[in-house]
Amino acid sequence: MSEQQPKAKFSDNERLKGESRFLRGTIAQDLQDGLTGGFNGDNFQLIRFHGMYQQDDRDLRAERAEEKLEPLINMMLRCRLPGGVITPQQWLGIDAFAAEQTLYGSIRLTTRQTFQFHGVLKPKLKGMHQLLHCLGLDSIATAGDVNRNVLCTSNPVESVLHRQAWEWAKKISEHLLPKTRAYAEIWLDGEKTETTDQEPILGPTYLPRKFKTTVVVPPLNDVDLHANDLNFVAISDNGQLVGFNVLVGGGLAMTHGDKSTYPRKASEFGFIALDDTLKIAEAVVTTQRDWGNRSNRKNAKTKYTLESEGVGAFREEVEVRAGVQFAPIRPYAFTERGDRFGWVKGIDNQWHLTLFIENGRILDYPDRTLKTGLAEIARRHKGDFRLTANQNLIIAGVDKKDKAAIEALARRHGLINDDATPQRKASMACVAFPTCPLAMAEAERFLPQFVSNVETIMSGHGLAEDEIILRVTGCSNGCGRAMLAEIGLVGKAIGRYNLYLGGDRIGTRIPRIYRENITEDEILSIIDDTAGRWARERQPQESYGDYLVRAGIVRPVVDSARDFYD
């Protein structure tokens, strides 16, 4: 097919990217404008390519409007952290910045296996980027129409294989980064050169839409590969990485009321040798760059390109561009996707402690000084921290002689909670209110008490030691990955959600809508009824989602492009 569509049809985002001078826009000038706390015009969108979103505190909107003040505009920054690995020294740097320079004082672990700062005012932005640079970090391409933070299976049980997978996650991230010098010029006072920027992979208008990549090590699907555009499934031989199965075209975002949008599982393309990894990654990205829909952003992601052009045609184009033929998919299987909490011994004789961080929000609470505790551990720990795609944190690489001291610190500060149930650990939410401008309903602030109510139901049916994969997302964009949950709540309005049921425990089946626009009480009543039936009628080891499908309570989504709305 032709590589270009008629220019008149392009969305306005294509115009602003093309006119941005390789993502510079007039961001530097806006930084000097003290009359507003935000960025104007195109810059509002362009700062996303630099890893930031412009937000405001929605709890304060009405009050500030009454006082004739503009909203409390602030920025959220998402760090680029391939595979979620961060050193204790880096952690201490971000800990201090969050405490001293942000409105909320917290560090937010996210489903993109990195951390976010929320509530950064415009005068603090340059110092924030320069701090990250000094720490060896950045936020390049963690938002916008680019390849975003690359996820990698984070549990280091198989340390050699995990290390190899993580090295490839870093290589893929670096290879697909924008080449523009705009970030360094604007935020790091980098030298402006006369050399014209080139973007050989992403192109002068970058990608049609955001693009997400994972490296996953079976049997753990902790990264939820089917939520991502490009996935490399590690294939090993005698514990050594030998290549990847490649899956393309996953994604969960949709638009309420628009049946041309839907979640989609990734399609299997085939197996590749390690040496072909970067060639295939580049070929998938450039094919999506040239074939993706640049006129309608709601249908611009890779999943829609595969449906419009055909999986076979897309796959063949990737082979041509890469000069690589896909071999048949090699056997792989997933058995779980949750994090393995507590101490796990690696094959290197070091120990790894996975901590449950509810909602990923690291802050000092009256009964749990999580932020202080992690800072104290960082001052003592000789290994690293690994953030997980489930919003939790691993203290990795602990010597046996240091285990007791690390655990004592974690317990003292409430980082280890023996009372946290399997259900609570299997539940997750996106940020939503008060900072996300897209949120239609609560998610992070709603989840803890909602889970308590679900726990009561589970206990009443003799299910206290069981779990249901439960996800809450504040809008249909899907950051909480509700469209791969056994129970998925998608915000519709304040206090109301669409309820999806019937996903599976390992993240390989999309749930189906069960009730639309219902209240918390209605949702809990449905969970009470279906969990009770599950307890009475399930087969040995049968999960909640699998039971719902077998019992005919929901029909499975088999081919979401065709049957998601049936």
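Note that Cβ sites are derived from N, Cα and C of the backbone, with glycine treated the same way.
As annotated by Swiss-Prot, [4Fe-4S] cluster binding site applies to CYS430, CYS436, CYS475, CYS479. Per Swiss-Prot, the feature siroheme binding site maps to CYS479.
Taking the features listed in Swiss-Prot, we show where each one sits on the structure.
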residue: CYS430; record: [4Fe-4S] cluster binding site; Cβ within 10 Å: 27
residue: CYS436; record: [4Fe-4S] cluster binding site; Cβ within 10 Å: 21
residue: CYS475; record: [4Fe-4S] cluster binding site; Cβ within 10 Å: 22
residue: CYS479; record: [4Fe-4S] cluster binding site; Cβ within 10 Å: 23
Near [4Fe-4S] cluster: residues not in CYS430, CYS436, CYS475, CYS479 with Cβ within 8 Å of the site Cβ centroid are VAL431, ALA432, LEU438, ALA439, ALA443, THR473, GLY474, ASN477, GLY478, GLY480, GLY491
